[in-house]
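Okay, so here's the structure we're looking at.
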């Protein structure tokens, strides 16, 4: 199982004081060195954390893959074609949200998403759609030609009871298997921590987890190398459990 380290909140800390540090590039290189299989960045329309220059700098510096999260807009499409990341994950985006609140509604935007997917694919960029674990959305993702889906784990991560968490886990598990049966590559992410990642990492249909906020939070106390190492180890151990 692969670990994508999202470095958005390195930029959040930097931007809080308008300094040049901490450096997203340095964070990406440290994460790679200590177990990250790819680097994920979300260039939001409001540029609240990652800036355009960060994306180019990280793309040019890293040795692994860059997974660029972006909204379904012409501006972001143009940016992606300039940066040429290995992967683009199309996500929903609202100006006032603190973080991504739900999955992309592929059903409601099939024609536009299909167009973006074709343009990016023709350019050699693999496309992923960040969606809820809903069979209709998964089927729609397949229908528009996206080769990858990333299942939104937020409802699982935010569950306030064991029963609710189990319900959301089963939804993710079923969705991952449905997507896998369609031939889609299945990733997952949002709200995952060292404390809740094990069940998700045990879903064999899921190939990659993208984790950011909790890793950066842990890094405040442990350092980024140890935070990445511990997360990678937790994922690896989960795969070994019966």
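In case you wondered, yes, glycine gets a Cβ from its N, Cα and C as well.
Since the structure is predicted, the reported quantities are computational estimates derived from the model, not experimental observations.
Taken from Swiss-Prot as is:
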ACT_SITE  42  active site, proton acceptor
ACT_SITE  69  active site, proton acceptor
ACT_SITE  190  active site, proton donor
BINDING   6, 17, 191, 212, 213  3-amino-2-oxopropyl phosphate binding site
BINDING   8, 9, 44, 49, 99  1-deoxy-D-xylulose 5-phosphate binding site
SITE      150  site 'Transition state stabilizer'
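Features per Swiss-Prot, on structure.
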residue	record	Cβ within 10 Å
6	3-amino-2-oxopropyl phosphate binding site	25
8	1-deoxy-D-xylulose 5-phosphate binding site	21
9	1-deoxy-D-xylulose 5-phosphate binding site	21
17	3-amino-2-oxopropyl phosphate binding site	8
42	active site, proton acceptor	25
44	1-deoxy-D-xylulose 5-phosphate binding site	19
69	active site, proton acceptor	27
150	site 'Transition state stabilizer'	30
212	3-amino-2-oxopropyl phosphate binding site	23
213	3-amino-2-oxopropyl phosphate binding site	16
Quick one, of the recorded positions 49, 190, which Cβ has the fewest other Cβ within 10 Å? 49
What does the structure give for the C-alpha distance between residue 190 (active site, proton donor) and residue 69 (active site, proton acceptor)? Integer Å is fine. 12
Rounded to a whole angstrom, what is the largest C-alpha distance between any two of the residues 6, 17, 191, 212, 213 that the record assigns to 3-amino-2-oxopropyl phosphate? 26
Given the recorded positions 17, 150, 191, 212, state which is nearest to residue 9 (1-deoxy-D-xylulose 5-phosphate binding site) when distance is taken between Cα atoms. 212
Would you count the other CB atoms within 10 A of the CB of residue 191 (3-amino-2-oxopropyl phosphate binding site), including those on all shown protein chains? 19
Cα proximity to residue 8 (1-deoxy-D-xylulose 5-phosphate binding site), best match among recorded positions 17, 42, 69, 191: 42
